[in-house]
Amino acid sequence: MTSTLPAATASASNAAAPDSPHHDLATTTADGMSSAPASVPLPLPQATVADGFWAPRIEVVRTRTIPFQRAQLERVGHLRALAGTPRPEDGVPHVFWDSDVAKWIEAASYSLATHPDPVLEADVEEVVALLAAAQQPDGYLNTHFTNVAPEQRFTDLRDAHELYCAGHLIEAGVAHHRATGKTTLLDVVVRLADHIGAVFGRGPGQLRGYDGHEEVELALVKLAAATGDRRHLELASYFVEERGQEPFFFDLEADRRGTTGWFGDHFAGENHPGRTRQYWQAHAPVREQHEAVGHSVRAMYLYSAMADLARDTDDASLLEACRRLWDHLLSARTYVTGGIGSTVINEGFTRDHDLPTETAYAETCAGIGLMMWAQRMLGIDRHRRYGDAMELALHNAVLAGLSADGEHFFYDNVLASRGGIERHEWFHVACCPPNIARLLTSLTSYAYAQGQDELVIHLALGGTARFETSGGWAGVRITTDAPWGGRTAVRIEEAGTAPFTLSLRIPGWTAGARLSLNGEPLDDGLVGADGYLSVTRTWQVDDELAVELDVRVRRLWADPRVTTEAGHVAVTRGPFVYAAEEADNPAPLVDLRLGRRSEPDLVEVPGLPGVISLQLRGERVVREGSGLYSDQPPHRIPADLTLVPYYAWANRGAGEMRVWLGDAER
């Protein structure tokens, strides 16, 4: 494509953070843009995690999850397909397989960036070599179409996920380069992106289309940042802007193809939720979209790319579209856990306030996608509403997707179960396992951001962070008892010579915060309208900025329009949503009632070291008779209730679980 964006001379940098492009650190002043200082995620090598909650989980991912997933890719046949040596029992290489491999490389690369490991690096290089060898002379790279149907390349963008897979390969190439300094995979994905740029666009002989599953857009933004080649940013912009235009590309494509597409009759009928334009977020140009619709993961990846482009091109109307979509999603289509997507039928959204619990979809990838979008919005439009949503999704909708042993996974995340649900080792469509691995190995890039002479702390992780200021390098050590407690202290270990700002998010769930500097109280007025405590000064080594949040149990009631939760109450403490589980409470859990005034005891969960449960007084409904209906009203008896963090459920058997419990005073 011909670039219409400003030229840039940036070169590839190992220092850029993994989940957002490396932008100039300037305050955005375009009309309608945020006046808050711009920030970028802190590069992975500049931060460590050393606390009692996240450090052990990241270590499980590093030592167990990543090797386990590598073995699954070998077992199922992904790597043999890449090598061109499939076995008959492997079946036809799935159109999604390359994306699973790519996300595993990305997760492993993020781990290598902070924990060098010769064995893991050798495993990664072996897979990288397979990808390089599988690339076609023109730059095309896709295991399924190369091995199965080379004549069908780019003929079924609606269903076949070619550009989706390409996007994940591009992200892997950028991550691998930044972690290792090697260009083997980066060179591969640059050739792949160049091929895509030659095929797609509005020029003569080009295909004026886009993918059914967004992903390549945000990946191309990352590639532009890593290489300094603005053509990739222009291509990302094309894909975003072309979506929703007329004539409708997928109809034209289907007419040319003359077949039902890769999914065949899986989505039967043109009115099936998986066959509407909303499913692909293609019902209107992106700037004219007002509601979060369709497939939830696709939506999150699109909105993330829109935020990237709004930032990189100072596009106020694109940012306003992001704000509008964000407000709609969080006000009407988000679960109390931060999960999104109400139904398996389209793996996505239905209508406002339709948030069923037993049939919730809330895909793990969608929760991760919400975090990705929130991270980008924080960089351009800082406000704690984005940080609060990121924190909520992380501690509940996302973390529930991984078992305590690091080797079992949830694809979807119900909020109520009558039993029989458990995590699985792998899936036929295995997008979620490597996605949660890459999220947790890059967690510090969500927790910390660097602005102009500023360190921003979005999430309370214990550990260290180093960042550049106009007075040289600065470094801090963060100690925290979060997420169970509310104290976080930031101690200066390296001060530099110039003033800089420390900014910490004060979450919306806290009932209050006590602020201090070197033991002396600070005025609450230092917490801005954006919800961040910001202190600017010429810091000295051993200065300490501390925050003590009021962490208490909260009871939440849903909007009455969420009819499935009428008469029910949910319990939270800090960032955690809690649930009743059959391992602690006799079934059926639907009979439990929660009082409004009972103060809980905090007790460690037997069999789950370090997991804190809430023990409360409540009631249990007792019905008269055993028939389906009775003319005798039920009565209630006192009952002790134990609630565990939602993320920890199903680690002690596949019994019942409920987030929303009956309200004892209704």
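Sequential numbering from 1, following the chain as shown.
Yeah, the Cβs are placed from backbone N, Cα and C, and that goes for glycine too.
TrEMBL lists region 'Disordered' at one of the ranges 1-39, 313-351, 508-546, 586-624, namely 1-39. Helix, strand and coil counts under DSSP for the domain 'Non-reducing end beta-L-arabinofuranosidase-like GH127 middle' (455-550) come to 3 helix, 53 strand, 40 coil. Secondary structure of the domain 'Non-reducing end beta-L-arabinofuranosidase-like GH127 C-terminal' (553-661) per DSSP, as helix, strand and coil residue counts: 9 helix, 48 strand, 52 coil.
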